[in-house]
Structure formats: C-alpha cells, structure tokens
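These come from TrEMBL:
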SIGNAL    1-17  signal peptide
DOMAIN    1-266  domain 'Major facilitator superfamily (MFS) profile'
TRANSMEM  80-102  transmembrane segment
TRANSMEM  145-164  transmembrane segment
TRANSMEM  176-200  transmembrane segment
TRANSMEM  212-232  transmembrane segment
TRANSMEM  238-259  transmembrane segment
Amino acid sequence: MFGIAVVPSVLLALGMAISPESPRWLFQQGKIAEAEKAIKTLYGNERVAAVMRDLTAATQGSSEPEAGWFDLFSSRYWKVVSVGAALFLFQQMAGINAVVYYSTSVFRSAGIASDVAASALVGASNVFGTAIASSLMDKQGRKSLLLTSFTGMAASMLLLSLSFTWKVLAPYSGTLAVLGTVLYVLSFSLGAGPVPALLLPEIFASRIRAKAVSLSLGTHWISNFVIGLYFLSVVNKFGISSVYLAFSGVCLLAVLYIAGNVVETKGRSLEEIERALSSTN
C-alpha cells in the first residue's frame with residue numbers, strides 16, 4: 001500500500017519539473033524575460049502583452065512589502081484571514097475524512113462485503129460531484145456552492161444518524177447508511193471540498209497571500225489529524241449515531257457562518273472583495 005503511493009508522487013514530481021513558474025513571482029523578482037516565457041506557455045503568445053500590462057499595473061498599485069506573520073492578526077487582515085482558516089476548519093470538522101476513512105464499515109452493514117467496491121463507490125461519488133462543481137463554479141458562484149454543499153452534508157449526516165437509531169428504519173438501516181454516505185460525499189465534493197482552495201487566493205491580498213494560505217492549510221491538516229486520531233475513541237464512547245449527529249450540527253454552523261461572513265468572489269476584483277469583507281465587520 002505504501003509502495004503504490006510512490007507512483008503519484010513520482011508523477012507529480014515529473015509534472016512539476018516541466019511546469020512553468022508563476023509569472024507574477026518571476027515579474028516581482030525582476031525576471032521579465034522568464035515571466036514572458038511563462039505567460040506564453042500558460043496563456044499563449046497573444047496574451048503576453050496584456051498579462052504583462054496587468055502585472056505592471058498591479059505592481060505599481062501596491063508598493064507595500066510582504067506582510068509578516070503578526071500582520072495576519074492585525075485589524076486590517078484578521079477578518080479575511082479568519083474566513084480562510086474557518087472554511088478549512090469547518091471542512092474537516094464536518095467529518096469528511098472520518099466518513100471516508102471508515103466508510104467500508106458502513107458499507108459492510110449494508111451487506112457490501114467488498115472493500116474495493118465500497119471505496120470505488122465513494123471515490124466515484126467524489127469525482128462526479130467535483131466534475132459538477134467545476135462546471136458550476138463560475139455560473140452559480142462560490143458562496144452559493146458552499147451553502148448548498150454544507151446544507152446537503154448536514155441532511156446526509158442526519159440521515160446517517162437516524163438510520164442507526166430509529167427502530168422504524170431498522171429494516172432499511174444498511175441501505176440508508178449507504179445512501180447517506182454517498183449523498184454526503186457527493187455534497188462535499190460540490191462545494192466544501194473544492195471551493196475553499198479556490199476561494200483563498202481570491203480573497204487574500206498579494207502581500208499576505210502566501211502566509212495566509214499557509215495558515216489556512218495548516219488549520220486544514222491539524223483538523224484532519226485530530227479527527228483521524230480521536231474519531232474511533234469518540235465513537236466508542238458516545239456511539240456512531242451521536243457522532244454523526246454532531247457532524248450534522250457542525251455543517252449547520254458552517255452554513256450560518258458562510259451566510260454571514262463569506263462574500264461572493266465571482267466576477268469581482270480583489271479590491272471589491274476587500275471592501276465587501278470590510279463591510280461585514
């Protein structure tokens with residue numbers, strides 16, 4: 001199992017070896033010729049002049065140095081930084097990795113003995129939902145997809161919880177558990193999964209972007225670690241139904257938070273986004 005993981009690692013390393021560097025970074029380092037070459041590779045020769053003009057205008061419009069770590073917690077930036085961290089916190093505390101890690105046990109309760117079939121069904125749901133999200137991202141907007149996603153996850157977790165507790169549903173508990181799991185993963189992949197990673201570069205100003213994204217992703221992996229470490233212990237103490245009900249509650253909290261704090265970024269400039277975030281304080 002660990003050996004197989006070498007394959008995508010090698011493919012990613014090879015891919016990054018031939019991937020062009022960020023034109024913005026090259027421009028900021030004064031490597032103009034290399035920036036133009038990267039733009040040509042990414043966008044085509046006809047876009048070089050236009051992109052270079054945008055980079056020049058962006059550089060002239062902001063002479064501030066790159067922010068330090070403590071700047072992230074200043075009154076100027078904390079609002080937007082907290083939104084990025086909160087989205088990844090909700091993403092993980094909503095239980096996605098717990099559901100994926102232990103989905104085979106749920107599927108066994110429905111009579112699906114093959115772990116491969118269970119994993120394939122969960123993976124297919126994830127891929128299908130992500131494909132739909134990619135087509136809706138610029139049509140429906142980021143915020144609406146997040147709200148729809150977390151609402152669907154809350155409903156799916158509630159279904160999972162009830163399938164284990166309501167005696168009237170006992171004859172169908174296995175089927176409902178599988179249905180709830182698939183709907184949960186599908187809902188996750190529609191917004192909660194892909195949108196935060198797309199949203200962060202759109203809401204962070206360039207001078208804080210690197211550190212703010214790092215802080216947000218650090219929140220992501222710490223939350224992931226905590227869920228993976230304590231999920232089984234909490235299930236053994238409180239029961240799987242109670243844990244799934246708690247996940248449903250986290251999803252509802254996420255809906256309320258997103259509705260009140262996340263701004264739509266579709267078709268808006270960074271300056272417009274910053275003004276919108278400031279007005280929500």
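Glycine is treated like the rest: Cβ placed from N, Cα and C.
Unlike curated records, TrEMBL annotations are generated automatically.
The average pLDDT computed over the domain 'Major facilitator superfamily (MFS) profile' (1-266) stands at 85. Within the chain, the transmembrane segment (80-102) has long-range Cβ neighbours (under 8 A, six or more residues past its boundaries) at 72-73, 122, 146, 150, 153, 157, 181, 184-185, 188, 192-193, 195-196, 199-200, 203-205, 208, 212-213, 215-217, 219-220, 223-224, 227-228, 231-232, 243-244, 247, 250-251, 253-254, 257-258, 261-262, 274, 277. Proximity of distant same-chain residues to the transmembrane segment (145-164), defined by a Cβ-Cβ separation under 8 Å and at least 6 residues beyond the stretch ends, is recorded for 87, 90, 94-95, 106, 133, 136-137, 172-173, 176-177, 179-181, 183-184, 186-188, 190-193, 195, 239-242, 244-245, 247-249, 251-252, 254-255, 258-259, 262.
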